[in-house]
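Colleague: My questions will all concern the structure given below.
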Amino acid sequence: MTLRWRIVALVAAATCAAAAAVGVLVHHASRDRELSQARDGARTTLERAALGYARTGGVQGSGAVLDAPGLPGGLRRLVAKGHQGTEFATGPDGPAMWAARPADGQVLSVRVDMSTAMRNISALDTNIILAGLMTTAVVLPLGVLTAERMSRRLRLAAATARRIAAGDLDARISPAARPHDEIAEISGAVDSMAAALQERLLDEQRFTADVAHELRTPLMGLVTAAELLPPGEAAGYVRDRVRVLSTLVEELLEISRLDAGAEEADLSPCPLGPVLDEAIAGTGLSAQLRTGTAEGTGQPDSADDTGQRDATDRTGQRDSADGTGPWHSADGPKVWTDPRRLTRIVANLVVNAHRHGREPVEVTVAADGRTVTVRDHGTGYPDDLLEKGPQRFRTGVRERGRGHGLGLTIAVGQAQVIGATLEFGNAPDGGAVATLRLPEEPERPELSDLPEPPEPGPIHG
């Protein structure tokens with residue numbers, strides 16, 4: 001049961017309990033008052049009848065009766081002991097208040113009919129019940145509205161917290177006027193937390209960008225100095241380390257631009273085949289480029305049954321297939337994207353597959369022509385990456401190899417820039433699978449859909 005309905009149920013229960021308590025109190029107070037009045041009246045009448053009986057020896061005209069057959073048994077026994085008293089009882093003639101006392105060995109009694117009083121009390125009980133139901137009917141909707149308002153504010157706070165957890169640090173709970181209650185305190189705490197997280201993240205981003213930028217100048221000097229070293233094993237090692245450091249700095253700068261939202265895509269229709277060819281060739285690594293089904297099973301790109309229609313070896317040279325054909329030409333199937341950024345995404349995925357997985361690496365284009373899958377045959381992505389997504393300077397488990405965790409982070413950021421989605425998963429038979437879904441090309445209005453220009457009207461001079 002949600003909090004809203006718990007509040008509604010509590011309001012309904014409290015209203016019913018209050019109405020019942022008031023009804024019981026009013027019922028007993030009214031009944032006690034009627035009984036007290038009837039008892040006093042019966043006693044007064046009995047005293048007058050006793051005085052008359054003592055003077056005349058009879059009860060005519062006094063309203064009293066000697067040895068009344070309907071006298072309650074308890075009152076009769078009390079009188080038999082020499083006492084007088086009163087008792088309320090309901091007999092064949094209806095409810096009545098009896099008063100009795102001994103009189104020369106007989107029982108002198110007075111009966112006060114209470115049928116009307118009891119009917120009035122019953123009517124009062126009915127009215128109390130109706131009033132309670134009406135009160136509940138009025139209070140319950142108010143409780144529903146109040147609970148809905150509270151629940152809506154709590155849901156808004158929860159939704160904002162989820163947006164913040166998902167990375168939207170600009171999310172804030174509406175600053176509209178709120179009552180100063182506990183929910184307002186929670187809302188203010190969430191907004192303060194988001195602002196603090198955003199400021200800290202911006203500081204980290206600025207620090208990363210500043211460090212990468214400041215390293216760029218001395219790094220260029222290192223690159224130049226490394227190129228001037230005489231040939232040898234040590235010089236080759238130095239050049240390799242300088243190249244790794246240069247790549248790291250460039251990736252940090254790229255991530256800082258992505259974090260700052262400074263990247264803008266240049267979207268246009270472009271053939272997918274040549275872009276993928278260029279991405280794979282640029283890595284200098286082998287990858288099998290296939291066209292497949294929507295399920296990503298993958299079929300060879302042409303009649304060549306080797307399944308390696310477009311593969312490059314680690315030197316960046318083509319394998320036996322030449323990679324030519326209608327699908328690879330500039331007139332082949334087109335997608336709506338930024339070719340430079342798409343090349344960057346696919347290249348990063350291929351490099352990541354080789355670095356952290358095992359060959360063969362397959363790049364498959366689904367039947368829809370907009371879904372590109374990159375798969376290796378290694379141990380697959382770690383659970384932490386599948387749950388939280390790529391994180392910089394974290395590669396997951398040791399089996400995935402070494403690295404800085406920046407390649408997939410850049411791929412995700414560039415995919416967002418071009419309006420694509422990049423999802424990560426593991427194949428049932430082993431291996432990591434990255435699925436890139438490119439956006440559809442926006443529809444362009446036909447000339448026939450454009451409004452016709454208005455006809456020229458007369459010119460008044």
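For all residues, glycine too, the Cβ spot is worked out from N, Cα and C.
Because TrEMBL annotations are produced automatically, they should be read as predictions rather than curated entries.
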Colleague: May I ask you to indicate which of 369-399, 431-461 is given in TrEMBL as region 'Disordered'?
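Modeller: That would be 431-461, per the region 'Disordered' entry in TrEMBL.
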Colleague: Per-residue pLDDT averaged over the domain 'HAMP' (148-202) comes to what?
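Modeller: Summarising the domain 'HAMP' (148-202) by its mean pLDDT gives 82.
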Colleague: Under DSSP, the domain 'HAMP' (148-202) has how many residues in helix, strand and coil?
Modeller: 39 helix, 0 strand, 16 coil
